[in-house]
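The substrate binding site annotation in Swiss-Prot covers Gly64, Gly65, Arg86, Asn179 and is backed by sequence analysis. Residues or ranges marked as site 'Transition state stabilizer' in Swiss-Prot (evidence: sequence analysis): Lys29, Lys242.
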Amino acid sequence: MLSDSDRVRVLSEALPYLQAFAGRTFVVKYGGAAMKEEQLKDSVIRDIVFLSYVGIRPVVVHGGGPEINTWLAKLNIEPQFKNGLRVTDAATMDVVEMVLVGRVNKEIVTLINQAGGQAVGLCGKDGNLIRARAKGEESIGFVGEVQGVDTRVITALVEKGYIPVISSVAADDTGQAYNINADTVAGEIAAALGAEKLILLTDTAGILRDYRDPSTLIYRLDIAEARQLIKDGVVSGGMIPKVTCCVRSLAQGVKAAHIIDGRVPHALLLEIFTDSGIGSMLVGSNAAYDSAFSG
């Protein structure tokens, strides 16, 4: 339990960050264990509402893999994956859209509203927010990628104090629905908005030099270092698309991207408002970030 003096120290440490980030947009990708465990779910929701109350503009993008699998099982549809991507035939696409847009999205909206925020649920189809196209592999079905982002509906909402909650289902020019990786959607939305931060909640501590040893966490790195870690095989497996997504968003103008452990209660606040943080922060260049923050 924190003493009164500890609480004051924490608040004092947070002050420069509160001042620096007021009025800025943060895109938070919400997924993994933080969506499944009630206590973690509650802490994430409270953190998002806190950001809104202190003048930051949070935009939430969510996945929902476990919930999709639950409903596929109920409907006797066997989940299939290829190279880490869900194989999405027509029947599976119907379930994905029903679950992500109709259930998971509305649950998050309800929880934010109950916690004192004002959330509005969206999917990529709303306001032509995300234009999708096929990923180009017929064998994975209706798995898409982002062709373009129209941020007007998001901007209109955040300027009125609402918290957009976005599911990663979008349509192509013919109206065909596609399932798009939620990390990718979050990165592209962050870039299109010119967001201050992209934050990915994951089930790992961040980027580790040795994936078996949490003490090897890399707290900060720039684009060049991130690309080198991928080349050297230090970043591998499921972390590659996450790091690549962060690098792509930084290259398009996002100020910083964070990969943090969503299994830690209040991970968002710990990463944003403490000097040490708890995860990995990626920046375009270390020198430019230091100059911008100190200035």
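Each residue, glycine too, has its Cβ placed from N, Cα and C.
Here the features listed in Swiss-Prot are painted onto the structure.
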| residue | record | Cβ within 10 Å |
| --- | --- | --- |
| Lys29 | site 'Transition state stabilizer' | 30 |
| Gly64 | substrate binding site | 25 |
| Gly65 | substrate binding site | 19 |
| Arg86 | substrate binding site | 21 |
| Asn179 | substrate binding site | 27 |
| Lys242 | site 'Transition state stabilizer' | 23 |
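In sequence order, Gly63, Ile68, Val96, Leu100, Ser168, Ala182 are the residues of the same chain, not among Gly64, Gly65, Arg86, Asn179, whose CB sits within 8 A of the CB centroid for the substrate site.
A gap of 11 Å separates the Cα atoms of Gly64 (substrate binding site) and Lys29 (site 'Transition state stabilizer'). Pairwise Cα distances among Gly64, Gly65, Arg86, Asn179, the recorded substrate-binding residues, top out at 12 Å. Under the DSSP three-state reduction, Gly64 (substrate binding site) is assigned to coil, being neither helix nor strand. The DSSP secondary structure for Lys242 (site 'Transition state stabilizer') is helix. Each residue contributes its Cα atom, and for Gly65 (substrate binding site) and Lys242 (site 'Transition state stabilizer') these two points are 16 Å apart.
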